[in-house]
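What Swiss-Prot lists as disulfide bond is C48-C117, C108-C148, C131-C170, and the listing cites similarity to another entry. The N-linked glycosylation site annotation in Swiss-Prot covers N151, N161, N166, N176 and is backed by sequence analysis. Summarising the annotation, Swiss-Prot assigns region 'Disordered' to 67-104, 516-544. Marked as motif 'Important for interaction with G proteins' by Swiss-Prot: 474-477. The annotation signal peptide is assigned in Swiss-Prot to 1-26. Annotation comment: Swiss-Prot describes 27-188, 240-282, 343-361, 429-440 as topological domain 'Extracellular'. Per Swiss-Prot, topological domain 'Cytoplasmic' is recorded for 213-219, 307-320, 383-409, 464-591, and the stated evidence type is sequence analysis.
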Amino acid sequence: MGAARIAPSLALLLCCPVLSSAYALVDADDVFTKEEQIFLLHRAQAQCDKLLKEVLHTAANIMESDKGWTPASTSGKPRKEKASGKFYPESKENKDVPTGSRRRGRPCLPEWDNIVCWPLGAPGEVVAVPCPDYIYDFNHKGHAYRRCDRNGSWEVVPGHNRTWANYSECLKFMTNETREREVFDRLGMIYTVGYSMSLASLTVAVLILAYFRRLHCTRNYIHMHMFLSFMLRAASIFVKDAVLYSGFTLDEAERLTEEELHIIAQVPPPPAAAAVGYAGCRVAVTFFLYFLATNYYWILVEGLYLHSLIFMAFFSEKKYLWGFTIFGWGLPAVFVAVWVGVRATLANTGCWDLSSGHKKWIIQVPILASVVLNFILFINIIRVLATKLRETNAGRCDTRQQYRKLLRSTLVLVPLFGVHYTVFMALPYTEVSGTLWQIQMHYEMLFNSFQGFFVAIIYCFCNGEVQAEIRKSWSRWTLALDFKRKARSGSSSYSYGPMVSHTSVTNVGPRAGLSLPLSPRLPPATTNGHSQLPGHAKPGAPATETETLPVTMAVPKDDGFLNGSCSGLDEEASGSARPPPLLQEEWETVM
């Protein structure tokens, strides 16, 4: 038994949901607007009008003959009519009508009621059709019902001049019983707080890494690019929500009734000239998709970089940094531009939402490929970590300690590789009810929105090198502030940790004619008595590679790349390879 045996079990546990239904990963952020719904309704109406012409022609031939109308069966399930090649939902038997009156008679003519294309109805029977899938928030497993009376007319609502229809099964997802308002309010709060905290923490992290010159190295450059992608993703989500807030929201869906669906369906489709009004939401959706894709690809770049450091003995970091930059920002721009071109030419309607046909795969396939590839890299790195732990700690620690080290390293890598995406990916997004659905949505909203915050905490604020630079900068600032305050009060007393130095102007005789000189023309020992103290550097002067602190911080070795120094990691522009001993030191830092 060894720590290396955890890796195969972990791979088997996490790989299945990734390969089974990874496609649901991107659809979680999809937005369905009212304009898109109107477009789908009018497209369904056009298809129904074409079908009605053929069916009415067939019905006229039937009524001209003396054969009457006899339904094929009463099973209530759709079947395919061989004669015309069209689908005709079969009728459900109405037990209130005598059997003899249902055998022959004039059928109810098919028609479009602004929601469903109703087929021919057998006299005296209830016609059931599946809830249309082009109504986004319908329960697509239910049915809508109409009744055809014995005279061959659709039954009307008593006292109203409209046809009776029952859409209760289709509307069950829109009731307050299944879509509880407090659940969605809580999810919205998690969503907003998470992305806000991620945006704020990532902004601070980028400023820290950019400010300190000693933190400038390839590893931190890649971190900064990934942080920036998280920031742009969060900002684009807020902008997209603000632009599309007037769309087909959950509040509207809860209040939606059959009559309102008829009103929506009767709105004429917008003319081509009105497409200019969609420019704002289309730009918002396009930038959201681009920054979403770049975020996934910079997560993949982090995985590729770490994988290359471990498995490549000669790895030119500066040389590959440009390639990583083009890969992370340029490749998503290519397939997003292709998607924009396809939408603009083939489906230039509404706000260019992803849910329009199979065109969404132009963006989803590259993103899902990056997720699967990053997951494979994660499993391989965990496998190597387990092997190295078993080899380096053989005979020095027990198995439980090895497991704890492996678990700690794994948890550090989880937010970097986005492994949390795989937990609920096998569950469909259509089941908008139940305890399991609520657990899934709370989990995904929490980790998706807070992922940037976790990454900033682990890879910047908990980085020992970053903490050391902040302490040095704080000590220099407080020392300079204390020196200025003492100088204004007539004393040059200052302190540096436990060390105290004091030079007073009263120690100089009045006959000497001297005052406390603060000019840099004096020797360093006189003008700046603390210049030889540990860690001192002139304000504004760049740090040198030879500058070291006499007292170093104890950094745990198994914190991985969190506390690795930037010194010595980057190579010269000539692309000289790192010697094998340095690679071994880097590997020991990982462990």
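Glycine residues also receive a Cβ, built from the backbone N, Cα and C atoms like all the rest.
Structural mapping of features recorded in Swiss-Prot.
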| residue | record | Cβ neighbours (10 Å) |
| --- | --- | --- |
| C48 | disulfide bond | 18 |
| C108 | disulfide bond | 28 |
| C117 | disulfide bond | 19 |
| C131 | disulfide bond | 20 |
| C148 | disulfide bond | 28 |
| N151 | N-linked glycosylation site | 10 |
| N161 | N-linked glycosylation site | 6 |
| N166 | N-linked glycosylation site | 15 |
| C170 | disulfide bond | 25 |
Task: C148 (disulfide bond) versus recorded positions C48, C131, N166 - nearest by Cα - done: N166
TODO: Do me a favour and check the Cα-Cα span between C117 (disulfide bond) and N151 (N-linked glycosylation site); whole Å is fine.
DONE: 21
TODO: From the recorded positions C48, N151, C170, pick the residue whose C-alpha lies nearest to the C-alpha of C108 (disulfide bond).
DONE: N151
TODO: Write down the Cα-Cα distance for C170 (disulfide bond) and N161 (N-linked glycosylation site), rounded and given in Å.
DONE: 23
Open item on the list: On a C-alpha basis, identify the one among C131, N151, N166, C170 that is nearest to C48 (disulfide bond); the candidates are the recorded positions.
Closed with: C131
Open item on the list: If I take the Cα of N151 (N-linked glycosylation site) as reference, which of the recorded positions C131, N166, C170 has the closest Cα?
Closed with: N166
- [ ] Could you state the whole-number distance in Å separating the C-alpha atoms of N166 (N-linked glycosylation site) and C131 (disulfide bond)?
- [x] 11
Open item on the list: Can you tell me whether DSSP puts C170 (disulfide bond) in helix, strand or coil?
Closed with: coil
Task: Secondary structure content of the topological domain 'Cytoplasmic' (213-219), with strand meaning DSSP E or B - done: 5 helix, 0 strand, 2 coil
- [ ] With H, G and I counted as helix, E and B as strand and the rest as coil, say where DSSP puts N161 (N-linked glycosylation site).
- [x] coil
Open item on the list: Under DSSP, is C108 (disulfide bond) part of a helix or a strand, or is it coil?
Closed with: strand
Task: Residues in the motif 'Important for interaction with G proteins' (474-477) grouped by DSSP into helix, strand and remaining coil - done: 4 helix, 0 strand, 0 coil
